[in-house]
Structure formats: structure tokens, C-alpha cells
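I'd like to ask some things about the structure below.
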């Protein structure tokens, strides 16, 4: 192990930093697997209960027809994926679905709309959704695309807890994935959200054709923000027929995926690291390694936007095998 990796992996306690170098982050990622896992688990235990996992549920409140050209996404209007576009859901139906998610064990409800950015006419029903979810005693999260300063403020005033806005991959590889917006556009919205006082949920996707360097740089970008994202979702690509990346995607080696989780935990020790999309393609053993590496959050339910998810019964069985219990930050199940 080189001296850079050794000094970081041997650190006595987790430190919040915003000055990670390329060399340092890469050295940690490529460290011997046992050393990497030991350090990630040590840091994880100093901040979180290793036997508790935070549970979220995600609902697509507006499907398809998106003006962006993200090469992996079935909801882009640029791709022929046979996914019909839908109108924005009625707030009452969203709130009803959120209550069912709460009763199933979710403490945070995430709502996604397939937009480049919301129009002003969309803000009133979106705000009603946020307020309705909050009234259930849950945390509310939304992903609506790029925001203006005023829209971020409106969401903050409504009580929105989290805003999801992934950077997907490294800045260097980004143009190979998305051409309708820039990497800087993503960072600009993150800044607006944080300035409004909303917590940030931001991560990326593995399996887009990126190199390990791109995974390291994606996490280094997030770890070097003035404030770490409070939640860092790590997705494994589920190739969708009709999307450009489905033709060129390469499967991610399970150990490389686990290394990415561990690096996120080490570089952002107080952030929730979410094992997000792609769990249907992961064995129980791979998911267990991810939890050991510092993942402490998942999405529950049968679907994530337009892709499959293991479902509550499989997750309960996995949790039982591993001795994991859902983390109940807010005591929401006192209402159930």
C-alpha cells in the first residue's frame, strides 16, 4: 500500500474534509480490499449504527417526455423506449401513496418528475405534495431538474427536507452521457438548493462505460463541495432498451462497486450512502458487502421510477439474515 493510502486508511477518526486530491482519492480506492473495507467500516461505526439502514420510497409523480437527453434514461423524449409520457399526478394521490410507504417502513418519501426544470405553474401542486408528505411525519425529498433561486426558496418554505440532483459521473466523462446540459449546470442547481437551506441528495451511476478514475472523480467532486451532500446515492445501471447507453454499457465488477461505496463512506463520513438502483441485479452477498463498506440507506418498494426494485418481502428477508433493522429517525411509525 502506498503512503498516501496508508495515512488515510490509518486515520484515528473520521474528518470532514473538502480538499481531497486526485492522487489521494485514487490511492484509497485501489488499496488492498481488506484494508479498504476495514477503514470504511471503522469510520461507519464511529458515525452510524452499522445494523440500521435508513429506508426511502420513490414515486414518479410525472413520467416521461423529458427534454433532457441523458443517455441512460428511459424517460427522455430523445429515446425510443416505448414509455408513454404522463401528466403530473394529483397531490392527493401522491399523499395517499406516501402514507402507504410510511406504513411499509419508509421514513423519507422521494418524488421525481421527468422535467428539465419545473415551470412556474407546476410549483403549486408540487408544494402541496411536499406539505402533504410532511404532514404524515415523514421527510420529503424531490427531484425536479434544474431550479431557479426562487423555486428553491419556494420548496424550502414548503418544508422540503432533501433535493435530489445527481451529477452521474465525473466532469471529464459527463459529456459522453449527457449533452443537453453541462456538468456545471448540475453544480449550479446544487448551490441554489444549499443556499436555500435544503439538504442535498447527490450521487451517481456506475456502469455507464466509465473508468474507475471517473468513479473516484465523481466522489471527489462531491467530497470537495463546500458542504457534503447529506445523502449520496450510488446506482448501478440497469440498461434499458432504446437508450443509447444500453448498447455500450458494460457490467460493473461487484468488487469495484463495493470499492466505490467504501470510498464514499471514507470521504464523506457523516453522509448517508444509499445503495440505490440496480439492487435487483445484486446478490444478497454483494449487498451485504455494500452495507459492510458503509452503505446505510436503500429504496424500498417494487419500482424506482421506471426500473425494478427487490420489493419489501425480499428486503425484509435480507435484513433478517443480516440482523439489520430499519432506521427510524423521526418516529414516524408511532402514527401507523
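Cβ coordinates are placed from backbone N, Cα and C, and glycine is handled just like the others.
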Can you match one of 110, 290 to the [2Fe-2S] cluster site that Swiss-Prot gives for 141, 201, 274?
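My reading of Swiss-Prot gives 110 as the candidate in that site.
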Between the Cα atoms of residue 110 ([2Fe-2S] cluster binding site) and residue 70 ([4Fe-4S] cluster binding site), what distance do you get, rounded to the nearest Å?
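That comes out at 20 Å between the alpha carbons.
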In the predicted model, what is the mean pLDDT computed over the domain 'Radical SAM core' (51-270)?
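The predicted confidence over the domain 'Radical SAM core' (51-270), as a mean pLDDT, is 93.
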Roughly how many Å lie between the Cα atoms of residue 274 ([2Fe-2S] cluster binding site) and residue 66 ([4Fe-4S] cluster binding site), rounded to a whole value?
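Pair distance, Cα basis, whole Å: 25 Å.
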My understanding is the cutoff is Cβ-Cβ under 8 Å with a sequence separation of 6 or more in the same chain; which residues meet that for residue 141 ([2Fe-2S] cluster binding site)?
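The answer is 56, 108, 109, 110, 111, 160, 161, 162, 163, 164, 201.
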In sequence order, what residues of the same chain, 6+ apart, have a Cβ less than 8 Å from the Cβ of residue 73 ([4Fe-4S] cluster binding site)?
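Set apart from residue 73 ([4Fe-4S] cluster binding site) by at least 6 residues yet with Cβ under 8 Å, we have 66, 79, 240, 243.
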